[in-house]
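Participant: Sharing the feature lines straight out of TrEMBL:
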- A:27-46: transmembrane segment (TRANSMEM)
- A:53-72: transmembrane segment (TRANSMEM)
- A:78-103: transmembrane segment (TRANSMEM)
- A:124-141: transmembrane segment (TRANSMEM)
- A:153-178: transmembrane segment (TRANSMEM)
- A:209-230: transmembrane segment (TRANSMEM)
- A:250-271: transmembrane segment (TRANSMEM)
- A:283-305: transmembrane segment (TRANSMEM)
Amino acid sequence: MKPYLPLATYSSLLVLAFIKPDMSQTIATIAFYMALGQAVNIFVGLTGYVNFGYAAFLAMGAYGLGVAIAYMPQLGVWTLPVGLLLGMALAGGLALAIGAVALRLRSAYFAIATIGINEALKDLIIGAGIWGGSSGLVLGYNMFQEYGRDTALFLSTVGSTVLILATGFLAVVATYLLQSKEAGYALAAIRQDEDAAKVMGINPTKYKLLAFTLSSIFSALLGSAVFPLAATQVFPDTAFKVDYILDGLAVMFLGGAGTVTGAIAGGLLYVPLRLFVGQFFPNYQSLVTPLLVLLLVLFAPRGIIGELRTRLPLKLRDWVP
Amino acid sequence: MIVIGTPAAISGRYSTEGQYILWGAMAAVNWINDHGGINCGGKMVKVRLIYRDSQSNAQLAASIAESLITQDHVNFLLSPYGSDLAIAVSPVAEKYGVLMAVVGASSDRIFQQGFKYVIGVASPASHYFWSVLDMVRSIDPSAKTVAILYSDDEFDRYVASGAKTHAQQLGFQVVVYDPYPPTTQDVTSQVLDVKNAHPDIILVAAHYADGQLVTQTLYQQNVTAKLIALTVAPLVPDYYKALGTLAECIVGPSHWEPGVNYSPELAKQKGIDWFGPTRDEFINYFEQVAKQMSGKTVEPGYEAGWAAEGVLVLLYGVQKAGSVDPNLVRQALANSDFMTFFGEFKMNATNGLNVAHSMVVTQWQGGQRVVIWPSSAAQSKPFYPSLTWSQKAAGQLCKP
Amino acid sequence: MIDLIPYFLNGLIVGSIYGLIAIGLSFIFGILRIINVAHGSFVMLGAYTAYFFFVLWAYPPLLSIFAGLFFGMLMGLALYYAIIKPLSKIGELHVLVALFALGSLIAEIARIVWGPDVVGFTWNVGSVAVSGYVIQFSQLAGAAAALSIALLLQLMLYRTNFGRSIRAVVQDPVGAQMVGIDVDRVFALSTAIGIGLTTAGGVLLTLFIPVGINPYMGDPYTLMAFVIAVMGGLESTMGAYIAGLIFGEILSLGYPLFSRLGFAGPYQMSLFIGFVILILFLLFRPTGLFRS
Amino acid sequence: MKLLVVENVTKKFGGLVALNGVSFEVDRGEFVAIVGPNGSGKTTLLNVINGVYKPDGGRVLFEGRDITNLPAYARAKLGMSRAFQVPRPFPELTVLENVIVGAVFNGGYDLHKAREVAREVVDYVGLGRRANELAGRLTFNELRLLELARALAGRPKLLMLDEVMAGLNPGEIDNMTKLIRKIVEEKGISALSLVEHRMKAVVQLAHRVVVMHQGRVIAEGPPNIALNNPVVVEIYLGKPWR
Amino acid sequence: MALRVEELSSGYGKVQVLFDISLEANDKSITALIGPNGAGKTTTLLSIMGVVKPWRGRITFNGNDVTYMPPHKKVELGIVLVPEGRRLFPNMTVEENLIMGAYIKRARQHLHDSLDYVYTLFPRLKERRKQKAGTLSGGEQQMLAIARALMSRPSLLLVDEPSAGLAPKVVSELLETFKQIKENITIVLVEQNVSAALAVADTGYVLENGKIVLSGPAADLLESDHVKKAYLGV
Ligand SMILES: Nc1ncnc2c1ncn2[C@@H]1O[C@H](COP(=O)(O)OP(=O)(O)OP(=O)(O)O)[C@@H](O)[C@H]1O
Ligand SMILES: Nc1ncnc2c1ncn2[C@@H]1O[C@H](COP(=O)(O)OP(=O)(O)OP(=O)(O)O)[C@@H](O)[C@H]1O
Ligand SMILES: CC(C)C[C@H](N)C(=O)O
Ligand SMILES: [Mg+2]
Ligand SMILES: [Mg+2]
């Protein structure tokens, strides 16, 4: 596979965001859905498991940075890198912990387990009142104090857009590395026949865990970018909102599950589609995502890029990974 | 042309209240335009309101606000209904330096972030039950215990904690202080806690649906008290329709009632400016807008008045500053004291809150919601202590 | 010292409805091996059925339960033929994702058709006070109806020919075909029954939620049904019913407990315990409480 | 040192004793066939050896190392390969890719080397022409060959053939027999085989036969001798072998 | 003529497996269908049974057109298949499996007679009637599969590779049983064990690459060069 097309897309969006700052908001939105699709694809597309509790990892990223900003004011500007790392560590750690045990389950059980974990974490945060409990973290004041008003506002606008684009970019690189190494073969084998893969010397849990953890870490970055950084707030009800997985699946299936370019094509179509419906049929906007996912799964499970790839000659297929 | 944008919550959880908010704002804009617009530095300028549905969704509200600013280049923002939505939108206003009037939302936290471009036009959530407690204190010195139930959301948390502190200051003992999740469908456990404690007063910090649920459950479990008060729910006309005579005696604090009388004369008496429509003009304009938008005849409630107040405050600021520059407008507002049909406006320059606003207490009496406190504004006397549930179920009315 | 008896009684009454709601989920899983992640939306449709029958024709939920069952079964049939059957050939992932999307879609359509407002009604047929807890006769009847439905279902599975054919299909669908069982029909009818039970559960649920019927009310019930069904053993319908009672107690007794322990969100802490139980069961005892 | 030593292995299913103190050994380069009537415990034994089941008693030693508690994939890494009775290829990978998976994860080759090895093995079993075909499109017979190639690419020291003759007709059995003999002889691999009651193949392939009955080994030795043991004839074959 | 298959084509998805196959099975006879792996023998049986939908052609049973009839209807008509892999209900006991075999109405009335009949055919099953089917050995499972099929009182029995996985001694016993069964029931037998199959069969068909290449009385086929070379390894 050749990752140049997707990498070039993210890079040019970054350039565009700087040349045309008034479009940066739109670019951030599109990039968010692309990167979301990318992160979801790394796990769902490559392993065939669904993580309905996906939002928990966005939330870990959100809380990682949020907690740093809210509770470590002495770090000043350093709350940003520390918070990002903290978010990734929380998400990665959670993924490892859940994955090591739950990835042995059949996919239907796994799906329930992840929904349960998402809910359990949310309930724990609210119920035990940790990290702000149900009040969430409202960070505007702290950010002004720690970064200075102008820097805070800059990070919140441009900074978050850059972080989202970088996440998408890194996710492509990661998928590329994953696919072109042994892990790519292992994951393909596991997806098709897990028992046979086992006797061939593949440890399925290890590779599923790898994909799961990677996907989670990218989700954490997205969570950090969107909630504490851009919105300057983290609330349990929004950060743990189950619906994100539906958006991610919509983008992934629209473009093509298991492909890298798919999430990009998916994001480029999904956002305008939602905007269009929101503009002209506002009452019907919330129908778009579920309806789209349902129709895609029923009638075009391969998605745009998936279909395109089956039609391309082998040589070109490598360029549209 | 002055453009005000709002990510209105016209569908979803807050749709009922959100629509009143929108229509109230529209009524104010229509009145201004019918009266020639706003005098901005000597020029009469018309006003336009742009709204987009945020579906009662906080994140969507924030991103709509962002696009109202970057795409539609609005001059001002009006917050959507609901504190959770408003608090999500406030950083957007701040990031882009666009002045936002907060209406239909009053969580104290909105005003504690040190934001320069967010201003509040009514009392903060923590004050909601103050007047109710003050009232009880003054009519029944023997009342001792208070039970507080609250929906665990941005608004009601502050209502509850404000009520708790104030109650303790007044010498009440708070015997129950229980949260329930905002979207819950069963509050039996919480109500059983209240029943256990036999309080004199029950205060419920709620929105509409959950408020009705708590009322029903109090009735089902036969939990009586000398006074039962709820935020939001009893102020919605549907509350009485749904509960019938069970709603009798129920008390609700309100920002504004059509029965409250602020007038140009009163302003003159106080020696301050009067701005915008009179009460009757507003009711008129509102009913027209509501009819046009929904085909129904709707009487404006406090949300509608509040929203109109938001628009009027911004425009008063423009008129006074002679400019639409947000910094100048804010400064102008910080130095003003004026009155509208909604009441008086005087801004705390640090947190942007209106300090001149006061709330009234209403009670359902014989199928009518009447103002019972403060006595200066009262349409009727408080009915106290309340009838029991079985008396109400039998059709007795709380007519003093 | 607080008196826990009222909370306990409340847990039993509410728990029986939770049980009924979870039965539909385990029934479908036991037979088709599909986890109906759209479950809650059908609960919601059941609740609206009860609501409209009550406000339009004053039918109490105990009567509209038949309507709920009927509508649910029709929808179950449609669900089977439109989604489950075609997608099972492609794979489990696709069925799961499609159902998940469907759940959301049903809720959104309900919002467009019935509006976003919360509605409700009260069917008042008197009550009796038992040591500090007032039991509504309507709720007692609801709980009794739930128990009867659970028992009837069990009888159906083990005493009727259709029940036997279901069990055969579960063990080997091809083998079942070979003895003359119309497997497709068994799958379709089982989906219909499963969804029918779920909507019927939604109908009875309205006896417990005087206000609270709204398009998005289903989601928490999906989650609760997962916990309950897994605790009871995903394939055991009677297990689900009993686990429903237990779950009702966890929520009902958990509240006063956690609230007195000073937790910020006693209700969420009880739910948290529920989900911890879910995860523990999935990992260590996926067959549930009642099977070795 | 013996390659594989099975020591006194016992396996129970509830009340049923499927293996009852089974012991035997496999030398390097030796082809051992396990035969016996239905239900005598052959499949169970193979499953204990490759780690699908843990025995209730006894040990399994591979190259002198106790592997009784090792999981299946770890055994594969040590050099035990299993060819499935019902071939289970990865249908959406090509023949070559299927074999590469074997070479990487079982054989421990790096990805580059694995490609070469895979190519070689695919040619070796006679699937060269079909190397770039999706495995899902192969015929049953070809799948068996793929199964063998995949196992071979894993550089096995011990090849476990689980009824690889099942469902092949006499002509195909002959070809398969030749291929397996070639593998054992040329590559010096040991083989442990369940030959699915095909006595002709057993006789042609096996150096030694282990006969099981009711969870025990009841006879052991060169095919012609073991298969003519009167007890074996009585309980298993029905009539003497030749 | 109990069963007549005319120009049957069939396959999976887009892949055609059978190409215009025609064959017949006489009343109370054994018809053997032999051929190499992947030739389409199983597909032929599955298409006759209706588990795989025929693409073209005609299948008649006792004169009725049953081409597109679903499997459960065919069982009611008296056609039954003992599939590859046996397909028992593993968590039910031997006897419960047999009772399920008599699921259809017509058979349920004769449940007790049928049980007696299969227990005399396979005494081994009577010994194990309380055992779970999943724990039976391969040979016992095969017996149970055949017995369960007989419970539906078929007049046409389709059997797919009954000898697969059976010890040599059991195979010869089983084939003897078929001769017994044939007295009442028409049998179509798919077998790898060509010599044994042709030895008990009356008629035989050779299927290669989805086409019938040879057919005739079983004894003649046993003698034919093609069969000898390709299937008997002589
Ligand atoms: N998972 C299990 N649970 C219970 N009993 C089992 C299980 N697996 C095998 N058995 C029993 O153990 C005994 C040995 O079975 P095994 O499959 O090893 O026999 P086999 O020698 O391979 O027979 P065949 O030649 O028929 O395949 C049989 O009686 C079988 O019924
Ligand atoms: N479910 C299926 N999907 C796609 N192709 C199939 C399927 N089942 C069988 N085939 C293909 O159809 C062809 C004929 O298969 P079939 O099972 O009928 O052969 P057979 O003669 O019974 O062989 P065997 O002796 O191995 O049982 C083979 O090429 C096989 O790969
Ligand atoms: C009184 C209400 C209009 C307040 C509003 N519900 C809020 O969330 O702040
Ligand atoms: Mg075996
Ligand atoms: Mg076959």
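Cβ coordinates come from backbone N, Cα and C, glycine included.
Annotations in TrEMBL come from automatic prediction, not curation.
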Participant: What residues in the same chain, six or more past the boundaries of the transmembrane segment (A:78-103), come closer than 8 Å to it by Cβ-Cβ distance?
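Facilitator: Sequence-distant neighbours of the transmembrane segment (A:78-103): 49, 56-57, 60-69, 72, 109-110, 113-114, 117, 146-147, 155, 204-205, 208-209, 212-213, 215-217, 219-221, 223-224, 228.
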Participant: Near the transmembrane segment (A:153-178), which same-chain residues lie under 8 Å Cβ to Cβ, leaving out any that are not at least 6 residues past its ends?
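Facilitator: For the transmembrane segment (A:153-178), the sequence-distant neighbours (Cβ-Cβ under 8 Å, at least 6 residues beyond its ends) are 1, 3, 6-7, 10-11, 13-14, 17, 21, 24, 27-28, 31-32, 34-35, 38-39, 41-42, 46, 80, 143, 147, 184, 187, 210-211, 214, 218, 221-222, 224-226, 229-230, 232, 260, 263, 321.
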Participant: Between A:27-46, A:124-141, A:209-230, who has the most Cβ pairs under 8 Å to the transmembrane segment (A:53-72)?
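Facilitator: Comparing A:27-46, A:124-141, A:209-230 against the transmembrane segment (A:53-72), the winner is A:209-230.
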Participant: When only pairs 6 or more apart in sequence are counted, do the transmembrane segment (A:250-271) and the transmembrane segment (A:27-46) reach 3 or more Cβ pairs under 8 Å?
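Facilitator: Contact between the transmembrane segment (A:27-46) and the transmembrane segment (A:250-271): present, because at least 3 Cβ pairs are under 8 Å.
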Participant: Are there residues at least six beyond either end of the transmembrane segment (A:209-230) with Cβ under 8 Å to its Cβ atoms? List them, or say none.
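Facilitator: Sequence-remote neighbours of the transmembrane segment (A:209-230) are 28, 32, 35-36, 38-40, 42-43, 46-47, 49, 51, 54, 57-62, 64-66, 69, 83-84, 87-88, 90-92, 94-96, 98-100, 103, 137, 139, 155-157, 159-160, 163-164, 166-167, 170-171, 174, 178, 183, 187, 238-239.
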Participant: Other than its close neighbours in sequence, what residues sit by the transmembrane segment (A:124-141), given a CB gap under 8 Å and a spacing of at least six beyond its ends?
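Facilitator: Hits for the transmembrane segment (A:124-141): 63, 66-67, 69-70, 152, 228, 232-237.
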Participant: Determine which residues of the chain contact the transmembrane segment (A:27-46) at the Cβ level, with the cut-off under 8 Å and only residues 6 or more beyond its ends counted.
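Facilitator: The answer is 10, 13, 16-17, 54, 160-161, 164-165, 167-168, 171-172, 174-175, 178-179, 187, 191, 211-212, 214-216, 218-219, 222, 225-226, 230, 244-245, 247-249, 251-252, 255, 257-260, 262-264, 266-268, 270-271.
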